[in-house]
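Engineer: Before we start, here is the structure in question, set down as structure tokens.
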Amino acid sequence: MGTGGDGEKAAPALPLEALLALGLDQRTAENALVNSKVTANLAAVIAEAGIKECDKSVGNLLYAVATKYPTNALVHRPVLIKYVLSTKIKNPAQLDAALSFLTNTGPDSLDVEKFEEACGVGVVVSIEEIKSTVTDVLEENMEAIKEQRYHINVGTLCGQVRKRHPWGDAKAIKEEIDKRLAEILGPKTEADNIKPVKKKKEKPAKVEEKKVAVATSAPPSEEELNPYTIFPQPEENFKVHTEIFFSNGNIWRVHNSKEILEKHLKATGGKVMTRFPPEPNGYLHIGHAKAMFIDFGLAKERNGHCYLRFDDTNPEAEKKEYIDHIQEIVHWMGWEPYKVTYTSDYFQALYEHAVELIRRGLAYVDHQTGDEIKEYREKKMNSPWRDRPIEESLKLFEDMRRGLIAEGAATLRMKQDMQNENKNMSDLIAYRIKFTPHPHAGDKWCIYPSYDYAHCMVDSLENITHSLCTLEFDIRRPSYYWLLVALGLYQPYVWEYSRLNISNTVMSKRKLNRLVTEKWVDGWDDPRLLTLAGLRRRGVSSTAINSFIRGIGITRSDNSLIRVDRLEYHIREELNKTAPRTMVVLRPLKVVITNLEEGKVLDLDGKMWPDASDTDASSHYKVPFSRTVYIEKTDFRLKDSKDYYGLAPGKSVMLRYAFPIKCTDVIYGDNPDDIVEIRAEYDPLKTSKLKGVLHWVAEPTPGIEPLKVEVRLFEKLFMSENPAELENWLGDLNPHSKEVIKDAYAVPSLASAVLGDKFQFERLGYFAVDTDSTPEKLVFNRTVTLRDSFGKAGPK
């Protein structure tokens, strides 16, 4: 398992040949070796399997075991590997079912009979059964098949068969469907080979039109419609979730007594109570958007409440700037806190509970240094001060509180279990001495509680029903419940979800802080960062971010890296409906229309929306067309070709919303590569039918240059998909992640743009007004390109 947080664990050496011997393809193997976590897991799986080579199908399943296996059930991984090697589990569907079963089993003993039943061990689906079910499915969808012919969604049909035979051979199902479709429809016609044109979503079908029958997949599950259904109701908090790593399933099957639960429900009125607990040591990033979606979203869905609680136990790292930012950005994301609280609000109660813990013989004052504590934990040795008298610890703890003991000379540690395999039970530190004023509590305290001590306690004090956090905290759950049990306090329901990892960026606050403080970027709100402030400045809305978060779901898969393209898809989907069109030329090339008389300016109409009615004046903007216009330099070539739709000598193109123009001459500068001007003639009657359509900007008045604007183009900040895994991650920064174009030309109507306005610059992308804009000069940030430059746009 990973180290969690920002720590890094050195992966064991694993040669490329070892992975190729498993049947993995070259690219998968190379990508695996770049990721230290995947490499470590693969090495462990290969060792547990005791093999050096195998066929491709088995190897791919072993790779899936290494990358997807639930950390809470590691004790059962060798069993699963045996099932894979014996081919009792032989396809991805069976493996997914096995992983799901083991996730729910956790470290509890494995019920082999139920396990085999859950993942179809021994189930054989004959080809006759497949053929029979394919016949049934095709008959159910026959109307759609005859209507759509070879344009029918075969994947949907396969899915309907697989739903009835989850352990059937997917390849055999696909082949049978293809064969039967060919028998039903006969040879493909010319129409079958034409790609169907997608209907525009904006135009609803007329009522009188015939409804087209389609093959539909199964309706979405309740969890897909409502991701919060996985969480129990508050009154069920007598049976706390037991999926705890390094636990035998008995010790930590803690639960609230009837009396404690009734007292809790009386205090809350039975409402769901959650908390969003950021540490105010930096700006929030998109990973925090997922946490907010879960914490605030669950409370909202259940008609409950969510606290915004600042986890301010470390006065040295916290700033008022961060506190103010977090409150402001939470509101911008669309969430309304029930109350804003601080862990420091509870310092007195936390201190009193610490005294009680000492009195119960469950905490002691320790004088070991940090290095000594680390050494003793590794050797599973008790501290020399672990068994000191209770009265002595009480006096020393009081001396710590009064500032009579130097920083680093003493800590208060919880007396947990130094023999436990889980290092988070090795007598964690509860209090440290820090002679640093607190930004919220002032100088009242010189001892500060640790996260491990304070977090569970404040959850209980605030009557939190659902304590939700990321997966790196799952091994801290035993200590979370240990402390609440030790003090007889109410225990919330704890559930961990996967961190949001997005490609081509870093998400750790430590790394983000380095990028900012070392000036690799232009501050916490640099549009290249996936901080929420950076995304907002770039022009991304909170609704697009929340739509992206909902789309990826509340998962527990700890090895997934979400491609940034998926976020960009949701951004485009929204901006395509909300951003009006306009025209801007980034790198202007002068074109003189020789057959348009001097001084003449034609006032044309440009469409803000592609489907705008010609009679709707509010959906148009004015575009002056004069003798001097400007096109993009990249839209002109000296040599024409069949696949080129731009302008070339002797060639004609259409100017968007204007007229066809034909290049008649090229004016050069001091050298043959320096083209300074194009001469052209326009066709006022628009008799030409042309494929090439160019955006352009003209002089609004003869001799007066167009509106100048600054445009900033952004690319991915890092060149690698997963820079966080690289030792020299700063060396992976993309040197071309930001390009500033100082003198772009824009149509006159853009002069009235203000901060918050967003536009589609035709053929260039979606852009938003930047905070650096002034009345003298507007600055625009490119939010996202019009298309995914990495491949087909859409959720992946």
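Positions of Cβ are set from backbone N, Cα and C atoms, glycine also.
According to TrEMBL, the protein carries these features:
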- 17-169: domain 'Glutaminyl-tRNA synthetase class Ib non-specific RNA-binding' (DOMAIN)
- 173-250: domain 'Glutaminyl-tRNA synthetase class Ib non-specific RNA-binding' (DOMAIN)
- 271-576: domain 'Glutamyl/glutaminyl-tRNA synthetase class Ib catalytic' (DOMAIN)
- 579-683: domain 'Glutamyl/glutaminyl-tRNA synthetase class Ib anti-codon binding' (DOMAIN)
- 693-770: domain 'tRNA synthetases class I (E and Q) anti-codon binding' (DOMAIN)
Engineer: Using DSSP, how many residues of the domain 'Glutamyl/glutaminyl-tRNA synthetase class Ib anti-codon binding' (579-683) fall into helix, strand and coil, respectively?
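Structural biologist: Summed over the domain 'Glutamyl/glutaminyl-tRNA synthetase class Ib anti-codon binding' (579-683), the classes give 6 helix, 52 strand, 47 coil.
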Engineer: With DSSP, how much of the domain 'tRNA synthetases class I (E and Q) anti-codon binding' (693-770) is helix, how much strand and how much coil, in residues?
Structural biologist: 12 helix, 34 strand, 32 coil
Engineer: What is the average pLDDT across the domain 'Glutamyl/glutaminyl-tRNA synthetase class Ib catalytic' (271-576)?
Structural biologist: 93
